[in-house]
Amino acid sequence: MKLKSYDLSHIAHSDPDQQSGNTDNNDNTSVSQIVIHQQKKPKDSTSEPGERPVREVWHRRKSSWRDDNGFWTNNGRDESDSASRTKKPSLTAGSFEDILDRLGCFGPFQVITLLSYLLMEIASAFIVFIPIFVGTSPESMAYNCTTGASDEHFKVNETSNFIGSIRQMIDSPFHYKSIADEWDLRCEKAWISDVFTSCLMIGMIVGNLSVSLLADWYGRRQTYLLILCIMFFGTLMSALSPTIYIYAVARFIAGIGFCGCINVSSMAVMEFMTPKWRSLSNCLGPMGEGVMLLSCIAYFIRPWRLLYLATAVPYVLIIPIYFFLPESPRWLIRNKKLKEAHDVLGYMAKINGKEPISYDLLEALQKQEEKETESLKAKKLSYMEFVRNKSLFVTSLYLFAIWFSWNVAYYGISYNIRNVPGNLYFNVILIGLANAVGQRISMPLSDWVGRRKAVLCGMVLSAVFLVALAICFLTISVGSYLILIVCFVGLLGMSCTRAATRLLSGESFPTAVRTMGLGVGGLGANIAGVVTPQVAYLGSRWPALPFFIFSVVSVLGSLVVFMMKETKDTPLSDNVKSGNKNKGTNGNK
């Protein structure tokens, strides 16, 4: 028995209680009752060709093609075919996080991604800290500008064990030449060594702005591979530099690679993580381990050119990284590269042992994003977007201030390492240890108290120990081991702040401009690197004054953190229109 289409339409569009002349309850049967009654047919009954069963018509009208199991059916396919059923996608701001949950929040694929993107931070640490070992030698530090030779009657300052360690190194069998020895950068030419540092800083500024832009335009993977090649070229060029001018250019190139590596690696890894695991992207980088490894290598390899060549060895990892390095699926979807995104997510599902997602789901996700970004037709955004968009402008301004403040304190402590007692190589190992421990502490701290409070804790801790360092210079001997302990704890606090700040920065910007946003914040760090030595120069007359200034700047930076919106457990946004907006102290706590 079949229900005529006009009968079903008439019943469905009329109120049973308003049927004229019908007072019998049996005549006021609802649509659902009719459907149930009509379906009581023999099992062998069949529908005529071209007609759908009544139950399917009922679902078409009342449930929008949803079957009993909650699946959505495809047009022209048999509903009994389980392979044609897909759950309705949740087209919300966090829909990509839902995909990551389905494919494995943190599995073998994420481990491979972490290693591929973060392992080369070891090489980036070599670039920044190698001047400590190649810039000067024991002989050049004991050089007498008046006599033009090493002072054989070099007197050890009883208040500075650091000078004593220099004398011991001169007498050791590891006598070697440095850049200062080879190019005679002593006495009236000593300022040239500072020029090399300035070239590195200028390269960092260029890298922050240019590489971040390339990563948002052309993808994380291609940009990261390009940056590794730039770092390798800068390191090799430094080792083979015939003149100081070529060496200065090499340091500039290495600076570009350093900031590009740091910015792209942390942001790319973040885009593969769900909110629960996102802190790993900025807390597992082996920067501190790289500093410790460099100190050990430099102890055994003293000639500066050989040391540079030794630090170029890790770049052989570029070959396996090329084959395992994945592109960010967030970036691919945002740039309408659905096939590539589907391939990456399919590989993720295979490695993590999960069922792959359908291509239709990605298409639906992209359509939803296109609706949200109708006002932004440009595919490639530039830094002008940070001027036009109020939310981006305010967020980047706050992060610029935070990056500047913690870097002032970080560089202020680092520049004082030369005044602490003990062996230089051991002290540099302590610097690396402080960086490593601080980063690891930031991971549980950021998940426990939130990103903002983690930044605040690190900056306040450093401010306290900066004041303690100033008091040490006023009351006790410069060579006291107490200064070493204070410097270690201060660096630990700043390293914790650095990891939490990078995490907060990445989560505060949408995918379309995420690395550019981090580049703007990193610009504040580079400016701090230029300003801090000038402030530290005040210590030549008032040793404690620079540390009081650094502590005040650190406290002011911690206050700016409260102007930011908390990003813990929030999904990453993918477009500028839906980017996080700062609401001052009234934002989410």
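Glycine is no exception: its Cβ is also placed from the backbone N, Cα and C atoms.
TrEMBL labels come from automatic prediction, so no person has curated them.
It should be emphasised that the depicted structure is a prediction, and the values quoted were computed from it without experimental measurement.
TrEMBL has this to say about the protein:
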COMPBIAS  1-16  compositional bias 'Basic and acidic residues'
REGION    1-89  region 'Disordered'
COMPBIAS  17-36  compositional bias 'Polar residues'
COMPBIAS  41-57  compositional bias 'Basic and acidic residues'
DOMAIN    109-569  domain 'Major facilitator superfamily (MFS) profile'
TRANSMEM  111-134  transmembrane segment
TRANSMEM  195-217  transmembrane segment
TRANSMEM  224-246  transmembrane segment
TRANSMEM  252-270  transmembrane segment
TRANSMEM  282-301  transmembrane segment
TRANSMEM  307-325  transmembrane segment
TRANSMEM  392-412  transmembrane segment
TRANSMEM  424-442  transmembrane segment
TRANSMEM  454-476  transmembrane segment
TRANSMEM  482-500  transmembrane segment
TRANSMEM  512-532  transmembrane segment
TRANSMEM  544-564  transmembrane segment
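Listed as Cβ neighbours of the transmembrane segment (111-134) (distance under 8 Å, sequence separation of 6 or more from its ends, same chain) are residues 178-179, 196-197, 200, 224, 228, 231, 234-235, 254-255, 257-258, 261-262, 264-266, 268-269, 272, 280-281, 284-291, 293-295, 298, 304, 307-308, 311, 314-315, 317, 321, 324-326, 351, 424, 428, 431-432. In the predicted structure, the domain 'Major facilitator superfamily (MFS) profile' (109-569) carries a mean pLDDT of 82. Ranked by Cβ pairs under 8 Å to the transmembrane segment (392-412), the stretches 307-325, 424-442, 544-564 are led by 544-564. When each of 195-217, 224-246, 282-301, 544-564 is scored by its Cβ pairs under 8 Å to the transmembrane segment (512-532), the top-ranked stretch turns out to be 195-217. Between the transmembrane segment (307-325) and the transmembrane segment (282-301), three or more CB pairs separated by 6 or more residues in sequence fall under 8 Å, so the two stretches touch.
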